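*Asks:* Quick one: the structure is below, and I'll ask about it shortly.
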Amino acid sequence: MSRHIHIVASGDDAARVPLLTSHLELASLDSDEGEVIFERSIGDNANDVQRSTQRKRTYEEAVEDAGFGLFHGLLLVVCGWANASDAVEIVCVSFLLPTARCDLHLSSSDMGLLTANIFLGMMIGGYMWGYLADQRGRQKVLVMSLTVNGVFGALASFAPRFWLFLLLRFISGVGVGGSIPVIFSYFSEFQPRLKRGAMISALATFWMAGNILAAGLAWLVIPRTWVRFSLGGLDFQSWRLFVVLCSVPSLTSALIFSLAMPESPRFLMEAGRETEALHVFCRMFAINHRGSLKTFSICGLHIPSEKKERETRRGGTHTRCFVNLKQGLAPIRQLFVGELASRSVCLVVIFYCISFGYYGLWMWFPELFKRAEDGGSPCANVSRLQSDDNQSCYPVKTAVYIEGFVTAASNLPGNIFTILLMDVIGGKALLCCSLLLSSVSVFLIYEVKTKAQSLLISCVFSGVSVVAWNSLDVLGTELYPTQLRSSALGFFTGIGRVAAIMGNIVFGQLVDTNCVIPVLLVSALLLTGGITALRLPRTKQAELT
């Protein structure tokens with residue numbers, strides 16, 4: 001039985017219909033499965049159905065007309081894999097510390113610098129890539145940033161010296177900093193309004209998948225003593241193979257985006273590229289309604305009159321550099337003007353507090369687990385580790401990686417909770433509550449006396465704090481207009497990277513002397529972030545502007 005998808009085009013837009021066939025073919029609508037029928041209506045002879053489609057669609061209406069289904073499921077998997085790849089690149093450093101510190105001759109201060117280094121790259125890359133995504137498009141920037149992440153992450157495994165390893169990890173961090181904010185902007189701009197909160201929460205759960213993947217790879221690879229050979233003058237051990245494997249998700253994500261993924265229709269509309277946006281909406285409709293007789297009307301899109309203008313500026317090299325710098329900083333100024341100012345200040349405080357606390361503590365969990373291996377508080381075993389530092393790296397104890405795996409998996413309840421309740425409760429309420437509960441759980445680390453208690457508190461902190469991150473992902477996309485969205489997320493994640501750098505340096509400096517101080521500081525900052533979140537506006541099921 002043949003299958004028909006009717007695409008109705010009226011008026012001047014009838015001339016555009018032939019341009020859509022290639023995109024419908026991308027959706028596998030070929031002659032073997034059915035036929036595509038284009039109905040044209042021209043002038044005053046259009047029937048009643050066609051007259052009803054004469055009005056141009058706004059972005060939100062076009063997204064609703066395209067439907068919700070298989071396309072969004074595939075989009076979730078592809079974007080989720082990219083999100084997971086970023087998580088793998090970030091947390092893999094923390095799993096290296098118990099073994100790589102001996103091979104690279106690292107002190108605790110060096111380890112703090114290593115964990116902070118990737119966040120420095122993310123801080124620089126976050127705003128740079130975010131600005132480019134708002135100017136040049138989301139899809140292109142994702143391909144470039146994911147490629148930088150994967151290539152330089154893999155090259156780091158062959159670094160024979162600490163300084164070179166540090167440099168390559170920094171460049172990898174520049175790539176990670178671009179894909180994190182842009183992937184959420186890109187993904188959100190395909191989602192219907194009523195589904196957006198739940199879908200962004202679902203995308204955020206892939207961060208947990210990345211954590212679990214990194215912990216599982218570390219558990220399977222790093223303890224294997226047979227993975228060791230000489231490569232020139234380099235002693236290639238199991239942790240170096242682990243670094244190579246951690247780069248695979250980023251490289252595969254870059255390949256998928258370059259070959260199969262369309263540009264964001266919201267970006268195309270804002271850029272005035274109406275025909276290309278129509279192509280994307282038709283592709284979404286065709287995939288979502290495979291086997292259906294539903295009709296998709298193509299009568300044009302309502303492009304805002306204030307759409308972005310791109311002018312070619314003339315002048316010398318110095319003039320162009322000045323103009324580019326001025327244009328690059330312009331979105332930051334806009335974030336602190338008018339009604340956006342108060343929410344931007346709040347988000348600066350919140351991103352700083354949660355990033356200092358989460359990354360400062362999370363990146364050190366494997367090392368703290370190692371210090372608690374013989375029982376007792378992680379902060380109570382410092383003198384033993386300092387006196388027997390090199391011998392403690394080998395043989396590798398698998399318990400450290402098992403505990404890291406369990407801690408990563410403890411994100412699951414928090415992720416399920418946010419998927420189910422994000423559109424019911426709203427991001428603001430979830431953010432406030434989760435930050436306050438995270439503060440309490442971190443404070444309890446101060447009272448830890450046994451290894452089991454350390455693991456339990458770590459799991460509680462992990463499960464609760466992920467709700468805060470998921471809420472921020474939703475709020476960040478809904479609080480700002482399209483022309484500022486990626487730049488805003490890039491800027492705020494950049495603020496978070498500064499905090500993550502400071503958190504890791506503070507832990508590195510104090511973990512061997514008095515680790516109680518950074519633990520209590522993290523608790524206080526999370527409390528501050530939770531209180532600040534009360535001043536954010538509600539955005540539950542808000543339309544994207």
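Glycine is treated like the rest: Cβ placed from N, Cα and C.
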*Asks:* Look up transmembrane segment in TrEMBL and report which of 281-303, 488-510 it refers to.
*Replies:* 488-510
*Asks:* With the ranges 78-99, 166-187 to choose from, which does TrEMBL describe as transmembrane segment?
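*Replies:* Comparing 78-99, 166-187 with TrEMBL, transmembrane segment matches 166-187.
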*Asks:* Are the transmembrane segment (166-187) and the transmembrane segment (111-129) close enough to be called in contact, which here means at least 3 C-beta pairs under 8 A that are separated by 6 or more residues?
*Replies:* yes
*Asks:* Count the CB pairs under 8 A between the transmembrane segment (111-129) and each of 199-222, 242-260, 345-365, 488-510, 516-536, then give me the winner.
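*Replies:* Ranking 199-222, 242-260, 345-365, 488-510, 516-536 by Cβ pairs under 8 Å to the transmembrane segment (111-129) puts 488-510 first.
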*Asks:* With Cβ distances under 8 Å as the criterion, find the stretch in 141-160, 199-222, 345-365, 516-536 that has the most pairs with the transmembrane segment (242-260).
*Replies:* 141-160
*Asks:* Name the range, of those listed as 141-160, 429-446, 452-476, 488-510, that has the largest tally of Cβ pairs under 8 Å with the transmembrane segment (516-536).
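*Replies:* Looking only at 141-160, 429-446, 452-476, 488-510, the most contacts with the transmembrane segment (516-536) come from 429-446.
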*Asks:* Could you pull out which residues elsewhere in the chain have a CB under 8 Å from any CB of the transmembrane segment (488-510), counting only those six or more residues past its ends?
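*Replies:* For the transmembrane segment (488-510), the sequence-distant neighbours (Cβ-Cβ under 8 Å, at least 6 residues beyond its ends) are 108-113, 115-116, 119-120, 122-124, 126-131, 133, 177-178, 180-182, 184-185, 331-332, 335, 344, 347-348, 351-357, 359-361, 363-364, 476-477, 479-480, 517-518, 521-522.
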*Asks:* The transmembrane segment (429-446): which same-chain residues, six or more beyond its ends, come within Cβ distance under 8 Å?
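*Replies:* Distant contacts of the transmembrane segment (429-446): 350, 353-354, 357, 361, 414, 418, 421-422, 454, 457-458, 460-461, 464-465, 467-468, 470-472, 475, 516, 519-520, 522-524, 526-527, 529-531, 533-534, 536.
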